[in-house]
Amino acid sequence: MDSAASHDLEKPLIVDDLPVLKIKSHTRDVHILSCAFLLIFLAFGATQNLESTLITEKNLGTTSLGILYLSFAFFSLVASSVVRALGSKNSLILGTTGYWLFIAAHLKPTWYIMVPVSLYLGFASAIIWVEQGTYLTAAARSHARDNGLHEGTIIGNFNGEFWGMFACRQFVGNLLPLILLRGGTEGNPSDTTLLFTVFLCSMTLGTILMCFLNKRDDEEEKDPHNAESLSLYASLSSLSKSIVAPLFDVRMLLIIPLMAYTGLQQAFVWAEFTKYIVSPMLGVSGVGGAMAVYGAFDAACSLTAGRLTSGLKSITLIVSGGAFVQAVIFLWLLLCYSPSSGILGTINLLIMAALLGIGDGVFNTQLSALIGIFFKDDTEGAFAQLKVWQCSAVALIFFISPYISLQAMLVLMLSAICLSYAAFVYLSQQGEKALSLQVQVQVQAQVHDVCT
């Protein structure tokens with residue numbers, strides 16, 4: 001016995017035989033995802049801002065964007081099922097292909113090229129954006145669970161980092177047109193070719209970066225022993241659930257107006273603000289400068305709002321501030337604004353761009369956090385609904401923009417912000433009561449377990 005014990009003591013210690021306690025950090029994936037989206041969308045965002053002023057032949061620019069977002073809205077209905085089938089990483093990489101083709105089409109923009117590419121980009125956009133919301137929320141929940149942190153706070157922090165980096169696309173991307181476009185209000189063909197070539201290089205780097213993400217697929221959905229998950233009936237049932245089921249949730253019905261408004265306010269900046277406010281004063285290259293200011297304040301606000309998010313009460317306060325800021329801008333443009341040349345006119349224009357960026361940063365971070373808190377059981381379906389309503393609103397603006405005045409558009413925006421904010425306030429009040437009741441039930445259950 002002593003010999004055996006001595007022999008065991010002499011055996012080398014195998015590290016694999018010991019349990020290893022390891023705190024998992026999921027922030028790496030958030031950093032990679034944020035940087036990849038920045039590289040891809042700095043190109044697309046700047047191109048989108050220039051669409052209504054650079055490609056003016058028979059409204060090809062705005063019509064292409066209208067088709068894009070209409071396609072985006074339609075394919076968002078089925079995107080959650082496609083994402084589940086492809087997996088997280090493959091969905092993100094596939095989504096980048098549409099943006100690459102869209103930028104490439106601008107090297108020779110014609111109706112025969114732009115329309116099909118816009119339709120395909122709508123499909124690709126639905127895939128990448130539904131998966132982005134799901135991926136980011138899954139990373140936040142995993143990080144909170146593995147490190148014993150508050151889930152709502154981590155969701156807010158992760159969304160703040162992502163949307164802060166994403167908003168930087170407006171600053172970085174729009175500096176390039178400001179530097180490269182020197183052809184006055186119309187732009188120079190050689191300059192635009194150089195610009196879109198640089199954009200293609202940026203998109204290629206973003207796609208490569210996506211390849212370094214970790215997969216975050218639900219293993220339960222990929223269980224090989226679950227034959228029912230492979231059946232056509234189950235696929236159709238899942239599709240019906242992701243499209244129809246959320247509409248029977250009162251919380252979703254109350255949040256839909258806010259989803260739609262976020263699309264309206266973004267499209268207003270892209271189509272109306274750049275065309276009627278910025279371009280007449282500063283020209284095409286000036287659009288890049290104004291949108292760079294918009295993006296800088298959007299990014300700063302996204303990071304700040306994300307850090308301040310800790311629950312439903314903080315979301316309500318932050319959204320209230322964003323809604324107030326944007327409402328002030330719409331009233332200013334409708335009642336008080338008159339174009340003026342010189343430094344004063346430029347300062348007024350840049351102040352508007354900054355405040356609109358602040359509002360966009362608020363809505364992006366807080367809406368994603370709100371979905372993460374309320375719709376834990378079907379995150380893909382909730383983010384699919386977000387993109388359906390958001391993109392439908394964007395498409396509406398691009399289609400009606402050539403046919404209505406700026407004043408009519410401002411009245412529409414004011415009506416939309418009032419309706420969406422009223423529904424949101426009611427949702428937050430009811431949601432706070434429900435969350436408080438849920439906490440009380442959990443505490444009572446814990447006390448009961450201790451007593452028994």
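These residue numbers are counts, starting from 1, taken along the chain as shown.
Any Cβ shown, glycine's included, is placed from N, Cα and C.
Whatever TrEMBL says is automated annotation, not expert-curated.
Summarising the annotation, TrEMBL assigns transmembrane segment to 30-47 (among others). Residues 92, 96, 99, 102-103, 106, 132, 135-136, 139, 158, 161-162, 164-166, 168-170, 172-174, 176-177, 196, 198-200, 202-203, 205-207, 209-210, 212-213, 288, 291, 295 of the same chain lie 6+ residues outside the transmembrane segment (30-47) yet bring a C-beta within less than 8 angstroms of a C-beta in it.
Marked as transmembrane segment by TrEMBL: 67-86 (among others). Beyond the ends of the transmembrane segment (67-86), by six or more residues, the same chain brings 94, 102, 115, 118-123, 125-127, 129-131, 134, 218, 221, 235, 238-239, 242-243, 263, 267, 380-381, 383-385, 387-389, 391-392, 394-395, 398-399 to within a C-beta distance below 8 angstroms of the stretch.
Taken from TrEMBL, the feature transmembrane segment covers 111-130 (among others).
Residues or ranges marked as transmembrane segment by TrEMBL: 193-213 (among others). Away from its own ends, the transmembrane segment (193-213) comes close to residues 29, 32-33, 35-40, 42-44, 46-47, 88-89, 92-93, 96-97, 99-100, 103-104, 106-107, 135, 176-177, 180-181 of its chain (Cβ-Cβ under 8 Å, at least six residues beyond either end).
When Cβ-Cβ distances below 8 Å are used as the criterion, the transmembrane segment (243-264) is approached by residues 69, 77-78, 319, 360, 363-364, 367, 370-371, 374-375, 378, 381-382, 384-386, 389-394, 396-397, 412-413, 416-417, 419-421, 423-424, 426-427, 430-431 of the same chain, each at least six residues removed from its ends. What TrEMBL lists as transmembrane segment is 243-264 (among others).
Residues 45-46, 49-50, 53-54, 167-179, 181-187, 269, 333, 339, 341, 345-346, 349-350, 352-358, 360-361, 406 of the same chain sit 6 or more residues outside the transmembrane segment (276-297) yet have a Cβ under 8 Å from a Cβ within it. Sequence annotations record features per position, and here TrEMBL assigns transmembrane segment to 276-297 (among others).
Annotation comment: TrEMBL describes 317-337 (among others) as transmembrane segment. Residues 258, 265, 277, 305, 308-309, 348, 352, 355-356, 358-359, 361-363, 365-366, 406-407, 410-411, 413-414, 417-418, 420-421, 424-425 of the same chain, all 6+ positions outside the transmembrane segment (317-337), place their C-beta atoms under 8 angstroms from a C-beta of that stretch.
Residues annotated as transmembrane segment in TrEMBL: 349-375 (among others).
Sequence annotations record features per position, and here TrEMBL assigns transmembrane segment to 395-427 (among others). Residues 52, 59, 62-63, 65-70, 72-73, 251, 254-258, 260-261, 263-265, 267-268, 271-272, 275-276, 316, 319-320, 323, 326-327, 330-331, 333-334 of the same chain lie 6 or more positions beyond the ends of the transmembrane segment (395-427) yet place their CB under 8 Å from a CB of it.
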Contact set, same chain, for the transmembrane segment (111-130): CB under 8 Å, 6 or more residues outside the stretch: 60, 64-65, 67-76, 78-80, 82-83, 86, 91-92, 94-99, 101-102, 105, 380, 383-384, 387, 391
